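Student: Here it is, the structure in full.
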Amino acid sequence: LGGVLSWTFSSRRFVGLRRCVSHTVFLPLKRNIKFTLLCSQPWPSACPEDGISNACLLPICSLHGAAVTTVEGVGSTKARIHPVQERVAKCHGTQCGFCTPGMVMSIYTLLRNHPEPTLDQLTDALGGNLCRCTGYRPIIDACKTFCKTSGCCQSKENGVCCLDQGINELPEFEEGNKTSPKLFSEEEFLPLDPTQELIFPPELMIMAEKQPQRTRELLEAKENPQAPIVMGNTSVGMWNSGGLYEETEGKDPGVAGGLTLGAGLSLAQVKEILAEVIQKLPEEKTQTYHALLKHLGTLAGCQIRNMASLGGHIVSRHLDSDLNPLLAVGNCTLNLLSKEGERQIPLNEQFLTKCPSADLKPGEILVSVNIPYSRKWEFVSAFRQAQRQQNALAIVNSGMRVFFGEGGGIIRELSIAYGGVGPTTICAKNSCQKLIGRPWNEEMLDAACRLILDEVSLPGWAPGGKVEFKRTLLISFFFKFYLKVSQILKTMDPVRYPGLADKYESALEDLHSRNHWGTSKYQDVDPKQLPQDPIGRPIMHLSGIKHTTGEAIYCDDMPVLDGELFLAFVTSSRAHAEIVSIDLSEALSLPGVVDIVTEEDLRGVNSFCLLIEPEKLLETQEVSCVGQLVCAVVADSEVQAKQAAKKVKIVYQDLEPVILTIEEAIRHHSFFQGERKLEYGNVDEAFKVVDQILEGEIHMGGQEHFYMETQSMLAVPKGEDQEMDVYVSSQFPKYIQDIVAATLKVPANKIMCHVKRVGGAFGGKVTKTGIMAAITAFAANKHGRPVRCILERGEDMLITGGRHPYLGKYKAGFMNDGRILALDVEHYCNGGSTLDESLFVLETGVLKVDNAYKFPNLRCQGWACKTNLPSNTALRGFGFPQSGLITENCITEVAAKCGLSPEKVRMMNMYKEIDQTPYKQEIDATNLIQCWKECMAMSSYSLRKVAVEKFNSENYWKKKGLAMVPLKFPVGFGSTAACQAAALVHIYLDGSVLVTHGGIEMGQGVHTKMIQVASRELRMPMSNVHLRGTSTETVPNANVSGASLVADLNGLAVKDACQTLLKRLEPIISKNPKGTWKDWNSVSSRGYETHMNWETGEGHPFEYFVFGAACSEVEIDCLTGAHKNIRTDIVMDIGHSINPALDVGQIEGAFIQGMGLYTIEELKYSPQGVLYTRGPDQYKIPAVSDVPTELHVSFLPPSQNSNTLYSSKGLGEPGVFLGCSVFFAIHDAVRAARQERGLLGPLKLDSPLTPEKIRMACEDKFTKMIPRDEPGSYVPWNIPV
């Protein structure tokens, strides 16, 4: 299309030539702006419409006449900050800050359209955003300050309002403890004034009014049948296939017989129109509209719904389309237009299977869609089940319609369509035809289920896996439809139609909970503490405002340097193979390609040893996993580098064996080094005297770090003396410095590594980051030019590995009263192809196997399995989330064997006061018992347990579960060398202070805490103290930031440095108290002394213990496997908190990350070792809808002083394990369902406890009805590793 484009961008006007471009709006500008934006566009005869979108969905040519606002245009510290930005920051809704601009834009757009939104609107607005750090609760709190609410949670999960007395009540701490429930003060917030917002540019409004209709132009363009018409770009952006549709003026409610919607309407507009129409029309006419509206509420997020068009969704005909099954059963028609004129085609099975006679012809465009009204005695329903409640593609979805004519309960018409079970939407046409004329009763239901399973067949190897689950959902959905229709028939004619059994009615209720609320209680500071002393106060993250305004600088935000190159990696596509040849010729011939770095270039420096075994940087001889680095393309731009990487031709010769799973590693005796073993007491003798012995096992899947900022680095040669600056998103600058220096064959003093901040890490930015940084630095050094490397999400997940999958086997000897006298445990972790940190993860798991329990006789052995997967590495919790789950699962099974509640068995076996761990370290468990008791009281456990049992007795298809788990998390690295830190403090002549330390700011607020420490020690306001970042140039030889010790160790070093300075200045200050500061500085180092002797099984590997407890309640849908997190109560012993706001955030964020680990986050590998789940489309982390409806966090009043920093405790990791309270609550609910069905045998549930596992464990007549494939008769789509 010719002509000129005109649009505004955060109040700046842009004009450019209109041309057919594939680049989205921000690819050329991405280092200068953030990626979520508000797009305002005028519609004919309407006011401008505000909509949130992702930058990747907006081709430049689509912005003609639009006003685009990014977070920079909302507010800034240089001009003014917007109330949204202020409240997100001051409500502590930001940690690493990388996702924060997107959160701000979502809330800002909502407020532009609804200045006083409802809680449902808030939840919906945030549904398309992801955060890995905060756990969402503080973001929700910030949003709620804009709402008009009563303070009630607006939820009656147990039939009791939160403001009433009873089971939902939160008891106060004992009087005198002086707890505080508020982490921020709403009175201080800037008011929201909608009249002061940016207006739509008048010149664009005038331009829109003069804009002619371009239908004829569009038809001429469509003469090229290969040219897709792109509107929302969601299909092109996400799946690389076009959609055919045209923008029209919208709906025409006057069309007889139904609603006609313009194909160019966005899904968000369709949602609004349907909601409006449903209000106006009688219910019997709106059955289809209700069903469509239900699906639109969970289909993608608002960013995608604002861009995706109705016509594009229909014509794309994706296999998991949520709307097409409903539109197909609703007898919808498509209105087409071409130069030859208009015509209509039905949206039916032939259209969905792209049958040429029923499809669009070349040159035709889809103009509108007609959705007929439903009739009296006609009923339509929609069903879907996904891995996550919201913003997740359906595993299976369905649309169902039945028509009874003039009543009588005889089926006159029946239509059933499914998505997710074939290459496109599947219609069960033959089954429906055979059921016409039959009465709507139990016999029909049974026949329908069998007919559907025969017609909609899924082979065992079907893409996407979960085959038996999908088969079960086919008929479970139909059963739900049967129940719903039966219930409606009963209300319409109570005499003729029998009602549902009371126990069945809950099957029809949706689980999704919308309105969240939570509380946090922490200890107030001592009244005697000076007002200016910031320690113990809930102070905002000092980068919080910059996070919300987009002014916080991350690695890839650094401006492009003169002559800068980009590096892209070529990775192995085979799990175990010899590389026969590598052909680089075609890649090198492409424009802009400068070089390809191979193993040959790195002769003599192609390996580096960080921990125990050296690891190669590049591999061009024999690859041992898919995703292994083979070579690296260096080019003038990112696009050129990645295009060339695809042109590198590698010929492989496959090798045997290919070992992927833990079971395969055990069979092949494929282990790293030897075993790790810890033994206490005499296990074998104890087994001889116990009443019962139980043996079991549990498998736990891995977890992706899913930090928001992917691996990022920039290497800049300085031009003289072989110096180089490396800017990198890393937790371990010293390692980056060392590996780069070794690769370049220069001393470490020539390499300076700088880290301003990290957009999330969780343990994933250490080993692989160093290898990639070394290769990037080598390329920069070779060519004397800066080189940047930024991984895309998919390649990041493929290359870097994650949390270790575990197999735990246990044998427990116990008495009939639940006392466990002997425990023998075996741990197997899937380490991947290289050792990485696997041995240390394994050791940590073995040392922490006891969790909170005193087992008088304990033996734990562990092996790190060597497999052909990318090397797994550190991830928040470092072995304990796996080890603890194995122990808790054993406790749960012991309780079941004894006929006792798991909580009673847990309490019985817990450490009591002063005791000794299996490695002979003394422990005072007083606070562990106190946390347990406080959690019992705060959660009203006893009352709610009765309520849960009552609910379960009254509901057959829905069950609730309640579980409580204790926590003993030892903190320490296990060696004195790893528990050291250093700090550098400067005091300048004007009295200002500069602090530098060895810790990395990755969202946990360590820089904020360090400034609090300096403020207290130097007795000056925090505003006088500045912290620039972390660099090997200022603090050398710093240890890795991790293991919950960053604030502990670096805080002690900052404290010592400040005290040293004050001591030096004492003589001067005493002589002249009003004198000026001298320019003094101090370097100080502090640490803990820890050690462990594996030969004797004794030591002092940890400095202290963090105690806690969590109680969670869930509700599951036994027919679909869906679950809802109703409520979680957490009590933590954190000592004396340095900053309660940051500490609460760490606990909540870790808990939600742990909840994802144990319930929805599922890595899927092919039988060939290829990771399928390489992005947010396939891998689901918790979203805002997954947060417990109620989340309460309370700190135990401090009772013990220690030699830690101000008697505080590290909290980054412990909360992850508490997420398993949700796992065991689901376990409790599933057990209740099985007991009601007479299934009393052992219950084996592995982690993560996904909808698939929940549904298949709730065995019933439908799971027994489905066909089962013989193991070994097919090659499955995926395998559990």
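Every residue gets a Cβ built from N, Cα and C, even glycine.
Take a look at what TrEMBL says about it:
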ACT_SITE  GLU1213  active site, proton acceptor
BINDING   CYS56  [2Fe-2S] cluster 1 binding site
BINDING   CYS96, CYS99, CYS131, CYS133  [2Fe-2S] cluster 2 binding site
BINDING   ILE229, VAL230, MET231, GLY232, ASN233, THR234, SER235, VAL236, ASP322, LEU366, ARG384  FAD binding site
BINDING   GLN731, PHE762, ARG876, ALA1043  Mo-molybdopterin binding site
BINDING   PHE878  substrate binding site
DOMAIN    198-376  domain 'FAD-binding PCMH-type'
Student: In whole Å, how far is PHE878 (substrate binding site) from ALA1043 (Mo-molybdopterin binding site) when you measure between their Cα atoms?
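Tutor: Taking the Cα atoms only, ALA1043 (Mo-molybdopterin binding site) lies 8 Å from PHE878 (substrate binding site).
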Student: Neighbourhood of the Mo-molybdopterin site (GLN731, PHE762, ARG876, ALA1043): other residues with Cβ within 8 Å of the Cβ centroid, in order?
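Tutor: Neighbours within 8 Å of the Cβ centroid, excluding GLN731, PHE762, ARG876, ALA1043: ALA761, GLY763, GLY764, ALA874, LEU875, PHE878, MET1002, SER1041, GLY1042, GLY1212, GLU1213.
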Student: For the Mo-molybdopterin site made of GLN731, PHE762, ARG876, ALA1043, how many Å separate the two farthest Cα atoms?
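Tutor: Answer in Å: the longest Cα-Cα distance is 13.
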Student: Radius 10 Å, atoms counted are CB only; among the binding-site residues PHE762, PHE878, which position scores highest?
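Tutor: Selected residue: PHE762.
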Student: About how far apart, in whole Å, are the alpha carbons (Cα) of CYS96 ([2Fe-2S] cluster 2 binding site) and PHE762 (Mo-molybdopterin binding site)?
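Tutor: CYS96 ([2Fe-2S] cluster 2 binding site) to PHE762 (Mo-molybdopterin binding site), Cα-Cα distance: 11 Å.
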Student: Which one is it: of the binding-site residues CYS56, CYS99, ASP322, ARG384, whose Cα lies the shortest distance from the Cα of GLN731 (Mo-molybdopterin binding site)?
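Tutor: Nearest in space to GLN731 (Mo-molybdopterin binding site), counting only the binding-site residues, is CYS99.
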Student: Quick one, of the binding-site residues ARG384, ARG876, which Cβ has the fewest other Cβ within 10 Å?
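Tutor: Taking ARG384, ARG876 as the binding-site residues, the minimal 10 Å Cβ count falls on ARG384.
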Student: How many whole Å apart are the CA atoms of CYS99 ([2Fe-2S] cluster 2 binding site) and ARG876 (Mo-molybdopterin binding site)?
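Tutor: Their Cα atoms are separated by 19 Å.
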Student: What other residues of this chain sit with their CB within 8 A of the center of the CB atoms of CYS96, CYS99, CYS131, CYS133, the recorded [2Fe-2S] cluster 2 site?
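Tutor: After dropping the recorded site residues, what remains is THR94, GLN95, GLY97, PHE98, THR100, ARG132, THR134, MET708, GLY759, GLY760, GLY1003, GLY1149.
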Student: Nearest by CA distance to CYS133 ([2Fe-2S] cluster 2 binding site): which of the recorded positions is it, out of ILE229, ASP322, PHE762, GLU1213?
Tutor: PHE762
Student: 10 Å Cβ neighbour count around ALA1043 (Mo-molybdopterin binding site)?
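Tutor: Here the count is 25.
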Student: Hey, what's the Cβ neighbour count for the residue listed as '[2Fe-2S] cluster 1 binding site' at 10 Å?
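Tutor: Its Cβ shell of radius 10 Å holds 18 other Cβ atoms.
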Student: Within 10 Å of the Cβ of CYS133 ([2Fe-2S] cluster 2 binding site), how many other Cβ atoms are there?
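Tutor: Around the Cβ of CYS133 ([2Fe-2S] cluster 2 binding site), 28 other Cβ atoms lie within 10 Å.
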Student: If you compare CA-to-CA distances from CYS131 ([2Fe-2S] cluster 2 binding site) to each of the binding-site residues CYS56, ILE229, ARG384, ARG876, which comes out shortest?
Tutor: ARG876
Student: Have a look around ILE229 (FAD binding site) and count the other CB atoms within 10 A of its CB, chains all included.
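Tutor: So the Cβ neighbour count for ILE229 (FAD binding site) comes to 20.
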Student: Run through the Cβ atoms and count how many others sit within 10 Å of the one on GLN731 (Mo-molybdopterin binding site).
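Tutor: By my count, 26.
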Student: Rounded to a whole number, how many Å is the Cα of PHE762 (Mo-molybdopterin binding site) away from the Cα of ARG384 (FAD binding site)?
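Tutor: Approximately 33 Å lies between the Cα of PHE762 (Mo-molybdopterin binding site) and that of ARG384 (FAD binding site).
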